[in-house]
Amino acid sequence: MEIETLGYFPARSRNRARLAYLFGALGGILFGYDSGVIAGALLFIRKDMSLNAHLQGMVVGGLLLGAMIGACGTARLADRFGPRKMLIGAGAMFIVTSVLSAFAPDPMTLIVARVLIGITIGVSTTQVPLYLSEIAPKHIRGGLASMNQLAIATGILISYVVCYLLAAHGQWRWMLGLAAVPSVFLTIGMFFQPDSPRWLVRQGRVSEARRVLEITNTPGDAAESLREIQQANETSTTVRLIDLLKSKALRPTLISVFGLAMLQQALGINTIVYYAPTILRAAGFGESAALLNSVGLGVLSIIMTIFAARVVDRLGRRPLLIGGALVMASSMATLGCVFHFGGPATAAGSIVAVGALAFFKAAFSFSWGPLVWVMMPELLPMRIRARTMSAAALAMFLVNFIVASTFPALLETGAASAFAVFTVCCLVAFLFAIYRIRETAGLSLEEIERTVC
């Protein structure tokens, strides 16, 4: 995506801004890779380690359990060190945990390794959207913040390609260990990127904040943004989470943020990410064909996320959320019907199943996938942004953990009923977007904050 505002600046400033956005999004690539790689690796791990459905759920769910732990411990550290330093630490941890998972000798060691990776993901999940949102100019913030979902989708696609290329020899250890490669780039790259200007202002480092804003904004916009950030910081106070829940003024915002976080995971996207090859195997495809179709779904996801990044600041967040939820509901209902009537056993049924998966993945990738990451930090006032993002991420991973841990057993007992549940969740998301979400496109974070407080 071309960043129009950078045309105002010398090449050095433009390049620094682009590098900040690029390395900031690398945490999303690692999240996507570590989430998606288990989909292909699980086909071989369950054979090598004789995993039953319960242990398969623990291998997948261990990452999510760790992510909840990581999200819990993020807020205070983020307030102290800022999102840039948090991402440096996350990158280093990604290196260690990727190697550990690759050398796991038994199921319990693998589960522990996945939990540790999850803790690291819990940190990066809150800090990547926070960093991208806080360094981005307001008129392209939606597109830039969508880079987080684009990075996640890219990581998932890379994991599918790696799994397909290594499938012939069942090299699941290489599949897991290769996550260390982008981790090195994240760790080194973030050393040379600027801190969030809003975090710098909170630390009293105003001159540094001004220099960062001048990299990513026009001179006039930089000065205006700095004034708004300083005014918001002067009126902000530290608030405990329990006090947030009691605040009547903030309650509608908290309902919107936590609703977005939990519904995103309840829609069923992670059954597609974690179990796409398994679902396709159930639909009649062989292992290689299932992995290849998963690669196709990954490519589609990237294309639609790029589309979302290009139009979200023009069309707005709300219309995309509403339309995406409707398409996803239709896709899940179609999948449920295919499995209920025994369609996967036929060639036509297999094609319909793949088509439904494709429509679901496309709809998620231009709506609830990127826009939840865009809107959560947008809707939150500066004084509670880091802390509430951590709590929302915890809620997100809790729902994700429940879905991912129970889906293998549901798939064995009857896939149609599982997809029916996801259909209902998509319809709930449709209604939630209509009645609980307000438009934020074109507003600065401080302008949005004034409508909340």
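A Cβ is built for glycine as well, from the same backbone N, Cα and C atoms used for every other residue.
Per TrEMBL, these features apply:
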- 20-441: domain 'Major facilitator superfamily (MFS) profile' (DOMAIN)
- 21-45: transmembrane segment (TRANSMEM)
- 57-75: transmembrane segment (TRANSMEM)
- 87-105: transmembrane segment (TRANSMEM)
- 111-132: transmembrane segment (TRANSMEM)
- 144-167: transmembrane segment (TRANSMEM)
- 173-192: transmembrane segment (TRANSMEM)
- 254-276: transmembrane segment (TRANSMEM)
- 288-308: transmembrane segment (TRANSMEM)
- 320-341: transmembrane segment (TRANSMEM)
- 347-376: transmembrane segment (TRANSMEM)
- 388-410: transmembrane segment (TRANSMEM)
- 416-435: transmembrane segment (TRANSMEM)
Beyond the flanks of the transmembrane segment (254-276) by at least 6 residues, Cβ under 8 Å = 35-36, 38-39, 42, 60, 156, 244-245, 290, 293-294, 297, 325, 328, 332, 357, 360-361, 364, 368-369, 372, 375-376, 379-380, 388, 391-393, 395-400, 403-404, 407-408, 411, 418-419, 422, 425-426, 428-429, 432, 436-438
Spatial neighbours of the transmembrane segment (111-132) not adjacent in sequence (6+ beyond its ends, CB under 8 Å) are 21, 24-25, 27-28, 30-31, 34-35, 38, 55, 58-60, 62-75, 78, 83-84, 86-87, 89-90, 93-94, 96-98, 100-101, 104, 144-145, 147-148, 151, 179, 196, 373-374, 376-377, 385-386, 389-390, 393-394, 396-397
Contact count check, CB pairs under 8 angstroms to the transmembrane segment (347-376), set 21-45, 173-192, 320-341; argmax is 320-341
Do the transmembrane segment (21-45) and the transmembrane segment (388-410) share at least 3 Cβ pairs closer than 8 Å, excluding pairs fewer than 6 residues apart in sequence?
-> no
Could you name the stretch, out of 57-75, 144-167, 320-341, with the greatest number of CB pairs under 8 A to the transmembrane segment (388-410)?
-> 57-75
With Cβ distances under 8 Å as the criterion, find the stretch in 57-75, 87-105, 144-167 that has the most pairs with the transmembrane segment (173-192).
-> 87-105
Which sequence positions outside the transmembrane segment (144-167), separated from its termini by at least 6 residues, show Cβ-Cβ distances below 8 Å to it?
-> 1, 3, 21, 24-37, 39-41, 43-44, 128-129, 132-133, 136, 174-175, 178, 182, 273, 277, 287-288, 291-292, 294-295, 297-299, 301-302, 305-306, 308-309, 312, 365, 369-371, 373-374, 377-378
Would you report the average pLDDT that the model assigns to the domain 'Major facilitator superfamily (MFS) profile' (20-441)?
-> 83
